[in-house]
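According to TrEMBL, the protein carries these features:
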type: TRANSMEM; residues: 6-26; note: transmembrane segment
type: TRANSMEM; residues: 33-52; note: transmembrane segment
type: TRANSMEM; residues: 64-82; note: transmembrane segment
type: TRANSMEM; residues: 94-116; note: transmembrane segment
type: TRANSMEM; residues: 136-166; note: transmembrane segment
type: TRANSMEM; residues: 204-226; note: transmembrane segment
Amino acid sequence: MKELITASPLFGIAITIISYTLGLKINRRTGKAIFNPLLIAEILIIAVLIIFKIPFSAYNNGGAIINLFLGPMTAMLAYSIYRERMLVRKHIVAIIAGTVAGSIASIISIILLSHLFGINETLSASLIPKSVTTPIAIAVSASLGGIRSLTVTALLLTGVAGNILAPFMIKLFRVKNRVAQGVAIGTASHVVGTSKALEMGEDIGAISSIALSFSGIVTAIIAILVL
């Protein structure tokens, strides 16, 4: 019976939707940033697979279908950019400069920490694109000889951390400028962090969307030409 249920792609789709819906309800009921819907969904899905001894491949039959919507959903961020186009145009130089600086700082920090803690080149290559969108991150990781699964894990952790910690870090460092807030979130924690930026304000979300796009381009260029 279990094999019959899990054989269908609908299993992966259903468990993903149910887990995320539960995550949303828990987040809204508690009002705590730590109860991030995506994080809760990941924990629930992993728990179900482990408890019922369901192979990941069975889940991924449906999960892969959901992944197909990742690109189009990311492209929809362009709508917020369009609505805030005057703001983006006004601060485009600052946005590009901040994104380039942030992307370079992210890559350098990974390289330095890898040397400091004795992490080998393969693991380091897997972590370098942790702050960009999934399609670009996977391509960059592959070009550097990284491990795809580790890159995806790093992406999830980075995005969730950014989503949870962004408001706290902004208050901690007293970042008042909303353009700077958007650039920081988009550059550091890609589309998952940008979803939090949109909650903070459409202007911050638009800037974050631009930043995550430029961040991916800068990271890919550095990976090809420098690393």
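We number each residue from 1, going along the chain as drawn.
Glycine is no exception: its Cβ is also placed from the backbone N, Cα and C atoms.
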Proximity of the transmembrane segment (33-52) to the transmembrane segment (136-166), 3+ C-beta pairs under 8 angstroms: yes
Range from 64-82, 94-116, 136-166, 204-226 with the greatest count of C-beta pairs under 8 A to the transmembrane segment (6-26): 64-82
Range from 64-82, 94-116, 204-226 with the greatest count of C-beta pairs under 8 A to the transmembrane segment (136-166): 204-226
Beyond the flanks of the transmembrane segment (204-226) by 6 or more, those residues with Cβ under 8 Å of it: 77-78, 80-81, 83-84, 87-88, 91, 95-96, 98-100, 102-104, 106-107, 128-129, 131-133, 136-137, 139-140, 143-144, 178-179, 181-187, 190-191, 193-194, 197-198
